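Following: one structure in structure tokens, then a few remarks.
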Ligand SMILES: NC(=O)c1ccc[n+]([C@@H]2O[C@H](COP(=O)([O-])OP(=O)(O)OC[C@H]3O[C@@H](n4cnc5c(N)ncnc54)[C@H](O)[C@@H]3O)[C@@H](O)[C@H]2O)c1
Ligand SMILES: O=c1ccn([C@@H]2O[C@H](COP(=O)(O)OP(=O)(O)O[C@H]3O[C@H](CO)[C@@H](O)[C@H](O)[C@H]3O)[C@@H](O)[C@H]2O)c(=O)[nH]1
């Protein structure tokens, strides 16, 4: 009989994981405490934008392999394997991760476990969490239930979540028994067969792989952005510098894109939680460099505001500013810690009249930043602008015809926060083109 899998927490990670598990052939029950989200998923509507996910979801609602609920008793009854995918955001006013949702999920699930089961943590957590949760499960699971915990961190990227879920570049299994390892190998048999390597290790290492991967990626981005600061001071070109570095295979070109820096629901909060946890463990010195990584990243945002102000003639009062992009990166509608919206809000606070356009993230942006103006197209956003800021590199912004666009604005000034537009094309159309870390023409 085929395995029955549950997925607890059906946000960006969980909804994709649930659909991915159904694609692998399992019967899947997704649970969320957000009844609206559950109703939406059950009706075949993905409550966020993720390419390819809607198709996968509707396919498996149709095959009958995928269902959703808000009822923990049903989940406990149903599942052989339970994946925990709830959020672990940054605590308000602190660096540490807020573990209340993970704790609540385990507390709610464990009393309903009914037979030998494996609970598998996928959320990103501070090292030591799994060991603590394993003890909690042992305390709360009904007597005689052979319930175990494993930690199987997730490395998917938003915008590529379906592909990354079905073809992960590695699987990490943090386990305390051969039986748990065997169960995970069974769950992921097709993925392993298709070539994804498996690393079997203890809880602590599995938890640390995840946060150290995100620390490395953040460091790579802040490294190139630090080089951008030096390039700017020296009149050099960070795009050419990055290209040249990337040809060295030991360095590699990926995640060397200089610009406005990293945002989103993962990298910023994960490096901060990592520093906080290292501090608790007495290893804070090991991660002091991450403070600098964070600081370099945040400086990108203020530098962008400065450049925009410069282009507005020294102040924002009475100036119209077009912001292209609201999502923290293209191919996503996620605006968590979005650098684009952070810059837009700073400029608005300083008296600028900001109009934002994004192909997918307008609804989310309107809810979180109701004070900004929004437009339904790049062209509408550009009407009468004194400066255009390109802050999220959606492909459609690269397609803009700078000649036609130039007729809409009050002044032809563009600041490219993602080094993704072609400076020659914009300059040839009469625009003043500025970018972070690139020389002026
Ligand atoms: N988004 C990503 O790309 C990604 C990738 C890898 C890892 N992660 C990690 O995965 C976790 C989830 O991230 P996300 O982006 O999917 O967050 P999210 O906010 O989109 O989703 C979390 C979901 O958990 C639900 N939830 C909260 N408490 C619950 C409870 N007690 N029981 C059941 N459901 C509950 C929320 O309603 C929400 O739908 C985080 O730890 C994150 O760091 C995220
Ligand atoms: O060269 C680059 C690459 C990325 N970014 C920015 O970095 C941020 C994060 O991008 P990305 O890593 O592609 O997005 P996420 O979906 O947040 O994925 C990261 O965070 C996830 C959650 O932990 C992990 O699973 C993924 O492996 C990890 O890449 C975005 O703001 C990007 O604009 C740059 O500034 N320059």
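Note: Cβ is positioned from N, Cα and C throughout, glycine not excepted.
Since this is a predicted model, take the numbers as computed values, not measurements.
Residues 155, 156, 157, 158, 210, 255, 256, 257, 258, 259, 263 are recorded by TrEMBL as substrate binders, and the candidate that the same record lists for that site, out of 37, 329, 360, 367, is 329.
In the record from TrEMBL, residues 32, 37, 124, 158, 269, 336 bind NAD(+); the candidate from 69, 88, 191, 201 listed for the same site is 88.
Using a 10 Å radius centred on the Cβ of residue 157 (substrate binding site) and all shown protein chains, the other Cβ atoms total 14.
Ligand 1 lies under 6 Å from the Cβ of the following binding-site residues, listed in sequence order from 32, 88, 124, 158, 263, 269: 32, 88, 124, 158. Using CA atoms as reference points, the recorded positions 32, 124, 266, 269, 336 were checked against residue 210 (substrate binding site), and the closest is 124. Within the set of binding-site residues 32, 88, 157, 210, 157 have a CB atom less than 6 Å from some atom of ligand 2.
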